[in-house]
Amino acid sequence: MEEDVRATLPRGVPKPLPKTFLGPGYGRNSYFAWRLRVSSLFVAVMSICGIVAFWATKDIAYGGINVNDVGYALSFGRTNTTECIENTGYCGDCDTIVVYSMLVFHVSPLVWVIGLPASGLRVFDPFRRRRRGDERQKPQRSVFFQICELLSVVVLASIMIVILYFLYALFQGNNFYCSEAGPLAYVLFAVFNFLINFVVLTYFARFREHLKMQLGVFREADQTGGIRSRLKRQRKYQSERSRVISDLRKDLFKEMSLGNISKIESLLRYAKEHLGKDFAKEMYSDAKLVFKLFGSSKKNPLHVAAYMGNVEALQLLLDAGFSVDSYDKVSRVRFTTGDLFWTFARVFVNTPVTSEDEMEASIFRTTLVTPLHCAVCTGQISAVQWLLEHDADVNNKSKASYWSDRMSPLFMAENPDIVRLLLEAGANHLEIADPGYMNTLTVLQQAYLQDNFPVAHELEKWGADVALTPLHEAAAKGDLSTVKKLLKAGADPNCVGEYGYTGMHRRTPLHWAAIVGAEGAVKMLLDAGSDPNFQDVFGRSPLHWASCLKKPGAVSLLLGKGGEANLRDYRDQTPLMCAASSKNVSVDLFESLIQYGADIDDHLPNGDTALHIAMKSEQKGTALALLDAGADVMETNQDGYRPVDCTTSTQLQFEIKQAAGDRDVMISYTHSHSEFALKIRDGLESANITTWLDLMDPSGIGGGSVWREEIARGIKNADVIICLYTEDYPASEWCLKELALAKQLGKPIIAVSTESTPVTDEMQVYIFTRQMVPFESAIKTVNKVNKRKITYEYDERRFTSQFRLLLDARM
C-alpha cells in the first residue's frame, strides 16, 4: 500500500531552488537562518576589528593595544611587580587582560564559519536534498555541516579553557591596576564579542534542530552523517559470511523495529539457509562488558520485540533459536558529530524534549539487559507474560558498569499487574539492589520514592519490606555463610531494624527468610533462637507469611519449631486462612497446618471459613485443595451464605459443587434412555449446572442395597430433580422410588417428555402436566431396535430452544 502511494507523486510542485544561492526570501522566511546569518557576520566583523587592532597598532606602552611579550602575559609565573617601561610610566598593568581579549577575537572567526550553513550559499547546505526515490532513506547531514558541529565543540572547549585560564591569571601580577582607556575599551569590546559567540552557537543549535525535525528526524539516531556509506569499500575485505551476518543483523533490527512480520520471517529463513539452523547463537551471543566498563550492542531483535510487546515476533525468534535470557545493550551510544555537539551544547542551550534512552546513553555508562527487562520497563504485559511462560529467569540482574544499575526486572516495573506476574513467577521482592552503597533499597522503597502507590500496595500484599540489616538481606538471599557469620558476631536473630531501631513493618530476619522460602536460613535462624511466633506490624508471624506465600518447606520447619498454627493476626486470620486467599495452594500445605492443630473450619468473627475466603477471592485451585483437606462446603457465615454462595462465578460454583459431591440437579431416568439422559446432562453442565445421574443399571443391583446408598445420596444432595418421562418410565419400580424419596425430602421435580407418554394418575402424585417441558418437537426419529438402548435423532435448533425452556423451569 505504502509503495503504491509513493509511486505516484502528489500534485503541486514548490518553486525550484536556485542552484548557487538562496536569496533573502529564504532567509527571512526562516525562524533561525536569518538570525544565524546576521549574528555570525556581526561576530566576523568584530573579530576582524579586534585582530587588526591588536596586531596593527603601537605597543600598549605607547598608547596602542599590541603586547610584545604575549608569552609572559599569559604566564602563570607573573609576579606582582613588573618593571616599568622607561620614559612611559607603564608597568604592564593591562598586558594579561588585553592578551586574553586578543585570544577571544582569534577564536571568533570559527564562529563565523559555523554560521555559513545559514548563509544561503548552496555549497554549504546543512542537509542533503532528497530526490525522488530516496524518501525512505535517512536524512543525511552534509560533510560541511558535520565539520560545523565539530567546530562548535572546538569553540566551546576553547572558550572554556580561556575562561578558566583567565580567571586564574587575573589574580597574578597587577591586573587590577589597569587604567588605560584604550586597553579597557578593547577588553570591553572582547567581552561583548565573547557573549555574542554564545548567541551564534545558540542560533546554530536551534537552526539545526528545527531543520532536523522538519525532515521527520526526532532523535539523533533517525539521521545519518553518511560516514558508513563512504567507507563501504571496507566490505571488500570481509568474508562472504561476515557480509551476510552484517546485513542480516542490520535488516533484522530494522524490520523488527517496524514490526514487519512477513519480512522478519523471510529474513529468518534466509539466515537458516546461509548460516545454518544455529545462526542465532553465532550472531547473538550475549553482549559483554569490556573491563567492566564498555560494551557494544548486538542489535538483538528479541530485545526490540520485547520492548515493543510484539508477541508474534517473539515466538518467531524463539522458534529460530534465540534465547529468552540473552543479554544485549539497548541504549546504544553513537559516535557522531551531532551527539558530540549536543554533549557540549547542553551546557548553555536548553534541549527540546529528549527521550530518556538518549539522555542516559553514555560511553562510560553501559547496561546490558535481558528481553524481560525491556518488556517490563515499557509496560508490555502480554510480552512479560509470554516471556515468563517460556521460562525467562525473573531474577536475572542487568549487567552494568555502575553497581547501582545492576537490578532485576522487578525494579523496573511500574505497573502493578506486571509486578504481580513477576512475583507469581518467583521474583525476589526482598532483594536489595546495591547493598551498602547508593541504592541500599528494596523495590518497595523505590515504589514509595516514585510515588507509585499501586505498585507499593501490590508489593506489600506479598510481604515486601524496606531494607533493614545485612542479616535480613542474607536471610532473604539464603546466604547461609553470611547468616552464620553475623550470628556468630552477635547479631540479634530477632532484630527488627538497624542499630536498635524498629523497621516500619517490624519484621525479623526469620520473617524475610519465610517470605522467600529460604529453608536453610529458616532452619539456621530457628536454631539460633529466632521466635517463630514473632508478629510484625500486621500481627503476622513468619508462619502466616510462609503459608500465605505457599512455602511448604518453610511452613513445616516453623511448625516443627513451635510455630502456632492457630495464631491470629490483626485481621483475625490464622495462617491457614491467610493461605486461603492465595493462588493454587497445595493440599499438602493445608494438611501440614491441620496436623499441628489448625482447624480447617475455623472462622472469622463474621462466620467466614477458609473456604469462604477462597471463594470470595475466586481461587479455584485453593478452594479445591481445601475441599480435599476436609473443608465443609455446607458451613454458613453470619449472613447465612455457604462458600459456594460467595462468588458470582458460575464456573467456580460448578467446579466446587462437583468436587464436593453437591449437585444442582439429579436426573431420574430409565437406563434404556441413557443416551438422552447423557445429552441432557452435558447441556446442563455446559451451563455450569452441576448434575448427577446414576450410570448403574438397577437390574444388576441386588436387594436395593446399592440403590439406597448411591441414589439416596444423589437425591439428597440435589436442589432439583429432573424426571425424563419416557414411555417405559411409569413402569419402572426404581424410578417411582426415586420420585417418592424426592417428594419425601421436599425436592422440586421437573418432568421432561420425549415420547408423548400420558401422565397416569399414579404419576400425578409426583409431577404436574403444566410443569412438563416437551421435547417431542426436537426429536426427528426414535430408534427402538435395541429396547435396552433407545436413541433419538435430533433437530438441534429445536432441541436448543426446548432446552432453554428447561433451564427457565429449573430457575
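Cβ coordinates are placed from backbone N, Cα and C, and glycine is handled just like the others.
Automated prediction, rather than curation, is the source of TrEMBL annotations.
Database features (TrEMBL):
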TRANSMEM  38-56  transmembrane segment
TRANSMEM  97-124  transmembrane segment
TRANSMEM  144-171  transmembrane segment
TRANSMEM  183-205  transmembrane segment
REPEAT    297-329  repeat 'ANK'
REPEAT    367-399  repeat 'ANK'
REPEAT    466-498  repeat 'ANK'
REPEAT    505-537  repeat 'ANK'
REPEAT    538-570  repeat 'ANK'
REPEAT    571-601  repeat 'ANK'
REPEAT    606-638  repeat 'ANK'
DOMAIN    661-789  domain 'TIR'
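With a cut-off of 8 Å between Cβ atoms, the residues of this chain six or more beyond the repeat 'ANK' (538-570) that come close are 462-463, 505, 508, 510-511, 513-519, 522-523, 526, 532, 576, 578-579, 581-582, 584-586, 588-589, 592-599, 602.
Beyond its flanks by at least six residues, the repeat 'ANK' (367-399) meets 286-289, 295, 302-311, 314-315, 318, 324-331, 405-410, 412-415, 417-418, 421-422, 425-428, 431 of its own chain at Cβ-Cβ distances under 8 Å. Look at the repeat 'ANK' (367-399): DSSP puts its residues at 16 helix, 4 strand, 13 coil. Remote same-chain partners of the transmembrane segment (183-205), defined as residues 6 or more beyond its termini with a Cβ less than 8 Å from a stretch Cβ, comprise 32, 35-36, 39-40, 42-43, 46-47, 49-50, 53-54, 60, 65, 94, 97-98, 100-102, 104-105, 107-108, 111, 114-115, 117-118, 148, 152, 155-156, 159, 341-342, 345, 348-349. Beyond the transmembrane segment (97-124), the same-chain residues lying 6 or more positions past its ends with a Cβ under 8 Å from any Cβ of the stretch are 17-23, 26-27, 30, 32-34, 36-37, 39-41, 43-44, 46-48, 50-51, 54, 60, 65, 67, 70, 73-74, 142, 144-145, 148, 151-152, 154-155, 158-159, 162, 165-166, 169-170, 175, 178, 183, 186-187, 189-191, 193-194, 197, 200-201, 203-204, 207.
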